[in-house]
Amino acid sequence: MPDAFHARITAELADIDAQGLTKPERVIQSRQGPEIQVGGRRVLNFCANNYLGLAGDERVVQAGIAAQERWGAGTASVRFICGTLEIHKELEHAIADYLGFEDTILFAAAFDANGGIFEPLFGAEDAIVSDSLNHASIIDGVRLCKAKRYRFANSDMADLEAQLKQARADGARDIIIATDGAFSMDGYIAKLGEVRALADKYDALIMVDDCHATGFLGPQGKGSFAHCGVKVDFVTGTFGKALGGAMGGFICATKDVVALLKQRARPYLFSNALAPAVCGSSMEAIRIASGEEGDKLRSQLFANAERFRGKMAEAGFNLLPGEHPIIPVMLGDAKLAQDMAARMLELGVYVIGFSFPVVPRGAARIRTQMSAAHTFDQIDEAVEAFIKAGLELGVI
Ligand SMILES: Cc1ncc(COP(=O)(O)O)c(C=O)c1O
């Protein structure tokens, strides 16, 4: 064993720790929900992407069990060899119908959907114009593609226009604008109305990553594009957040785009099919989210977000502005964010400090996330804990 290699790894870990950037894994001893068990204690949970509260919902869990009973543990195959079950086709149709697209391709994760979308569809003659705050998986997906890259400052429409102009001046064949529908670290919602207008002006396509929007933003929870009242060409998303919280990703697009992706997208061609239990749970979550119950859950979710945001602002915390149920409590220093999260856990509230490289250096924060499953009492309890910890640590 080369000792120098292992010494380097140990030193790198020590360096991460010294900067207060270590991200510990806290072990949860219960089902996901607004209240969870951690270290043998019940604590309030304010950091899951469990927007509609469906991750621990008994109907969603039972639908997964039923699918596993019917279809087994999995396919032991990628989709095109012998891994396409009826339930995969059902899920593809369910999500396409829900979001209003012709067809869908499933992936093991949205990370893979973003990793697989660009390279098969765009070549060296094309241009990808990408928001600077886009999720890591979009950035990686763009890197895997030969298209020329352009970057615009987060939601800066003047910069987007400048980049589109440049791409046209450089002679791009096709141009695609790639953006998160809601930016995961800040909770900012993309200005898709303006993006649409610029896309029309410069004859560009739009790809939206709606991992933090599908199921709860816009009418029927169809996502950020519906929230902004526009159509887009491609939506990538996840079943790992609002839609049941299991795992798995998808791309919604036209029939031909999906057909080509099924021939060429590498994470689809070279990775196992989604497990039946995941498909069953996700379909039940789509059924709930797309119906009247979904409307009630969405109202509760946004009422919770408004209450938390109002009380925290009143207490003097520095919050990023917005309306999304992601509500970042800005702290700046990475060590402070870790200390604050640790103190909050002692006070019975599970939140996580986010620091570099997940957010820019000096912009550490506690990113709180509301769920429809939270009660007003739980929100108030969390605010009280924040105030106590905030006063102790000199944050407010
Ligand atoms: C904006 C965004 N895109 C993609 C992903 C990846 O989703 P998945 O967990 O399904 O791979 C995430 C998850 O963190 C995300 O926040």
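Positions of Cβ are set from backbone N, Cα and C atoms, glycine also.
All annotation found in TrEMBL is predicted automatically rather than curated by experts.
These features come from TrEMBL:
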BINDING   HIS135, ARG367  substrate binding site
BINDING   SER184, THR238, PHE239, GLY240, LYS241, SER271, ASN272  pyridoxal 5'-phosphate binding site
DOMAIN    42-386  domain 'Aminotransferase class I/classII large'
MOD_RES   LYS241  N6-(pyridoxal phosphate)lysine
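Closeness to ligand 1 is met by THR238, GLY240, these being the binding-site residues among THR238, PHE239, GLY240, ASN272, ARG367 whose Cβ falls under 6 Å from the molecule.
Proximity to HIS135 (substrate binding site), judged by a C-alpha distance within 10 Å, picks out SER184 from the binding-site residues SER184, THR238, GLY240, LYS241, SER271. Of the binding-site residues SER184, THR238, SER271, ASN272, THR238 has the largest number of other Cβ atoms within 10 Å of its own Cβ. For the binding-site residues HIS135, GLY240, LYS241, the ranking by surrounding Cβ atoms (within 10 Å, all protein chains) places LYS241 first. Neighbour counts of Cβ atoms within 10 Å were compared across the binding-site residues PHE239, ARG367; the minimum falls on ARG367. Between the CA atoms of GLY240 (pyridoxal 5'-phosphate binding site) and ARG367 (substrate binding site) there is a gap of 18 Å. A coil conformation is recorded for HIS135 (substrate binding site) in the three-state DSSP classification, outside any helix or strand.
The secondary structure of ASN272 (pyridoxal 5'-phosphate binding site), as reduced to three states from DSSP, is extended strand. Between the C-alpha atoms of SER184 (pyridoxal 5'-phosphate binding site) and ARG367 (substrate binding site), the distance comes to 9 Å. If you average pLDDT over the domain 'Aminotransferase class I/classII large' (42-386) in this model, you get 97. Here the Cα atom of PHE239 (pyridoxal 5'-phosphate binding site) is found 21 Å from that of ARG367 (substrate binding site). Residue pair LYS241 (pyridoxal 5'-phosphate binding site) / ARG367 (substrate binding site) shows a Cα separation of 15 Å. In this structure the alpha carbons, written CA, of THR238 (pyridoxal 5'-phosphate binding site) and ARG367 (substrate binding site) are 19 Å apart.
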